[in-house]
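What follows is a short report on a single structure.
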Amino acid sequence: MKWSEISIHTTQEAVEPISNILHEAGASGVVIEDPMDLVKERESVYGEIYQLNPDDYPDEGVIVKAYLPVNSFLGETVEEIKETINNLLIYDIDLGRNKISISEVNEEEWATAWKKYYHPVKISERFTIVPTWEEYEPVHSDELIIELDPGMAFGTGTHPTTVLCIQALERTVQFGDTVVDVGTGSGVLSIASALLGAKTIKALDLDPVAVESARLNTKLNRVHENITVSQNNLLDGMKAPVDVVVANILAEVILRFTDDAYQLVRKDGYFITSGIIHTKKNQVKDALTNTGFEVLETMVMEDWVAFIAKK
Ligand SMILES: C[S@@+](CC[C@H](N)C(=O)[O-])C[C@H]1O[C@@H](n2cnc3c(N)ncnc32)[C@H](O)[C@@H]1O
């Protein structure tokens, strides 16, 4: 099959919403070329493998690339993507150069194109994310390893919004807990919860591709007996009090279900929210407080914010 590569030169702030737009338009995977990745301080003592080539990165801004199958709808799809990206300006999202280009790649190139950017990364005190195709020897005996093949779903585990969630889970999840993961993507947060000792986890996503990817990854990590993956809109139909609800979704989406999360979480339980761009921080914080949650912690990484809220 022929694939078309759509390449968007934008800003760090716009990466997340543009990635979502590309996924929703049916893109089969997203590659992010952020020059910040080249200068980030790394804790090399932990033995991660970094093989980043500066030639692959822009001098300024960020390039988001996605792959679309070449078919008779391609023209319309690209126009729709351009229009939806331009609409982000309404939300005051800086699009930078907003230069969009298209080129053709064959399936073989596409299958490996994004993998070269993805290597084992130690993302928190305890967790290291390891792509399934890499060999990795744990450096510490108490290190927790998440093996991932995100495939077409969001969630390589290394995006700041995901890292913040995993760090928040480390601080909240107790042995035997019940966790609901809203917008599970590759399943990474559910897998992290299971490795931290949660007993019953519900991993939910609207996107059937994510559901499939999460199912595969829960098996790869041998935690599938604790995790039920289902296609579901937000918290629709969820009952029984739970200890932790975690959601790494855009701020606009979080605002839609803070009330449902409050109903679902038991007293003294937690609601972890991430995916919040800095400019939307107060809006989400106010919504959490107005619903009845107490915001215990505000965590920040690059332009992203996450909250640990308690009922
Ligand atoms: C930013 S990704 C997070 C993936 C993963 N949890 C992580 O932290 O890396 C957000 C996910 O939310 C899903 N999503 C978006 N809207 C949703 C909705 N209304 N109900 C359930 N899932 C939704 C998307 O399909 C996507 O997989």
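Even glycines carry a Cβ here, placed using N, Cα and C.
Copied over from TrEMBL, here are the features:
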BINDING   Thr162, Gly183, Asp205, Asn248  S-adenosyl-L-methionine binding site
How far apart, in angstrom, are the most distant Cα atoms among the S-adenosyl-L-methionine-binding residues Thr162, Gly183, Asp205, Asn248? 15
Asp205 (S-adenosyl-L-methionine binding site) CB neighbourhood, other CB atoms within 10 A: 27
Neighbour count, 10 Å Cβ-Cβ cut-off, for Asn248 (S-adenosyl-L-methionine binding site): what number do you get? 30
According to DSSP, which kind of secondary structure is Thr162 (S-adenosyl-L-methionine binding site) found in, if we only use helix, strand and coil? helix
